[in-house]
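Q: According to TrEMBL:
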type	residues	note
DOMAIN	4-33	domain '4Fe-4S ferredoxin-type'
DOMAIN	54-85	domain '4Fe-4S ferredoxin-type'
DOMAIN	88-117	domain '4Fe-4S ferredoxin-type'
Amino acid sequence: MAKYGMVIDLLKCAGCGACGLACKTQNNTDDPKDGQTFNWADYCESIEGKYPNARYTMYPTLCNHCTDAPCVTACPVNPKAMYKKDNGITMHNEARCIGCGMCQSACPYTVASLDADKAAKYNVIHMNRGEVQAKYKDKTELFKGSTSGAEIAAKSGGTPPYRTDFSHPDYNPVRATNKVEKCIFCEHLVASGQQPYCSQACPSEARTFGDLDNPNSEASKLLKQYASTAVCLKDNKGATQKPGEGIKPNVIYIRKYAAR
């Protein structure tokens, strides 16, 4: 059985943000609110050293689909809402989720509120406490004579208007209130032999998704070639660790980011 993960080549990464835009449109995620970004694909900036010898690094971030995922251990329901598939993907079943937030508390890449914790740079697990996509039910015009969110949704025939429709047994195209959500490696695409949408959209081909247990996969070949440079993120504040340490994140970064 495969163990899926992602290798991100920081030297190839141009910092363009196409991965974030692709993820948001593929998974219909909400705008930031209530201390949550709802950015399943996000960014973590790090600055090392001091001028004139400072080095800036941008890490594209997503759920690390950790081998020893603490969010899965913490999930109190049975069967679990947060669970591991045999292929290594950490999945979330919306119907079983009770919105307790214990997965958020357990995940080292997540805080309850980014507004409250200024040291945290991104979140992996997001909580929907308010109404989802509420602006597309709002009839208030941005300025007189313009369209409202509700009118745009009505004209497009969907909420949100850019909605991508897909079917999956664990989650819906648009999330529900009082549930958590997270990156699921676009499992609805992977199941049909496609790459996660962030990988498909990357113009510099910096993201390589594949079977980390298969030495012949492109992801494994990259890890072998650049083993000396490989790191994983340790938390959502920019600290790093070697692959295989701690909870064993399966999103691995190789080489060094070069600001352009």
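Cβ coordinates come from backbone N, Cα and C, glycine included.
Whatever TrEMBL says is automated annotation, not expert-curated.
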Q: How many helix, strand and coil residues does the domain '4Fe-4S ferredoxin-type' (88-117) contain under DSSP?
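A: Counting residues per DSSP class in the domain '4Fe-4S ferredoxin-type' (88-117), I get 5 helix, 3 strand, 22 coil.
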Q: What are the helix, strand and coil residue counts for the domain '4Fe-4S ferredoxin-type' (4-33) according to DSSP?
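A: Split into helix, strand and coil, the domain '4Fe-4S ferredoxin-type' (4-33) gives 10 helix, 7 strand, 13 coil.
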